[in-house]
Amino acid sequence: MKNHAISNKYLDISPEVTEALENNRPVVALESTIIAHGMPYPQNVKTALQVEQKIRENGAVPATIAVINGMMKAGLSHEEIAFLARKGDEITKVSRRDLPFVIAAGKNGATTVASTMIIAAMAGIRIFATGGIGGVHRGAEQTFDISADLQELAKTSVAVVCAGAKSILDLGLTTEYLETHGVPLIGYQTHALPAFFCRTSPFSVNIRLDSPEQIAQAMAVKWDTGLQGGLVVANPIPEPYAMPEAEISAAIEQAVRESIEQRVNGKACTPFLLARVSELTGGNSLSSNIQLVLNNAELAAKIACCYWERHM
């Protein structure tokens, strides 16, 4: 069962990723919003390169995804990663709705979970590692602020390894939304939904799977049977780097209050909240964020190796 890249004049797949795909070697997609908007410089560029190295160490090829000069890129050079990291907020945050406009204007864009999934699927990449998915924001019953990531998971056939939804979100409503749209929520060696900085939450996953092989098999069966759409693989942050629930909850509640007072909304909301939580925790949340991304990259690479070995 081979996955071929879709021919697209706006898609540029790097030579390393092209060679891997043509030779049926495992590839793991990575997003770029975390580089431009999720972490400060220079931690962002250092982390991005560490994540790529972690994937290589575990037998797969990394494909960091972004829009560069109006081209969708699957596989970035170190120079391109450093460019996104330095420019930070000057880089447009790009989800599904934004892609055609950023491409048409020849601009640069940092891809969210949703747009990274889209470009990964075009390139023939089936698995993607990130920190946390977007979801239903707190207060969404008034604002209807729901991340486009959730709709993308319902229709684009890419598995996303994450530490759950970002803990700044309403985790209960996020799980309900995923259930409504038929998106499997897999807990890796856990029955409880991880809450990004914390290993557990009051909410449950749909199913617990304890090995990369089991997850790879579930991916293959889902898509072989014609069931389109993604899967969420929720991987708890390593215990030494997990944050106390009381500390992170207090910081999140304050950050959310401030976002409401300052009328921060839309695509600016998540970067604002993450940055403010980092400030309120004295940088502890940034350290935890880096470690959970590395942990997710390692698991994604192991799943990718199993998937390619058995099903490609």
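Here the Cβ of each residue, glycine as well, is placed from N, Cα and C on the backbone.
Positions annotated as active site, proton donor by Swiss-Prot: E31. Applying an 8 A CB threshold to same-chain residues 6+ apart, the list for E31 (active site, proton donor) reads T64, I65, A110, T111, T112, V113, T116, F128, T130.
Look at Swiss-Prot and you will find K93, V113, S147, A148, D149 tagged as substrate binding site, backed by sequence analysis. For K93 (substrate binding site), the Cβ neighbour count at a 10 Å cut-off comes to 21, with all displayed protein chains included.
When secondary structure is read from DSSP and collapsed to three states, D145 (Mn(2+) binding site) falls in the coil class. All chains included, 18 other C-beta atoms sit within 10 angstroms of the C-beta of D145 (Mn(2+) binding site). The feature Mn(2+) binding site is assigned by Swiss-Prot to D145, with sequence analysis given as support.
Secondary structure at K166 (active site, nucleophile), taken from DSSP and collapsed to helix, strand or coil, is coil. The active site, nucleophile feature in Swiss-Prot is assigned to K166.
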* Asked: Helix, strand or coil at E31 (active site, proton donor), per DSSP?
  -> coil
* Tell me the Cβ neighbour count for A148 (substrate binding site), meaning other Cβ atoms within 10 Å of its Cβ, over all protein chains shown. => 17
* Structure fact -> D145 (Mn(2+) binding site) sits from K93 (substrate binding site) (Cα to Cα, rounded, in Å) at a distance of 16
* Name the residues of the same chain, 6+ apart in sequence, whose Cβ is under 8 Å from the Cβ of S147 (substrate binding site)? -> T112, V113, A114, I133, G134, G135, V136, H137, L169, T270
* Asked: In whole Å, how far is K166 (active site, nucleophile) from A148 (substrate binding site) when you measure between their Cα atoms?
  -> 14
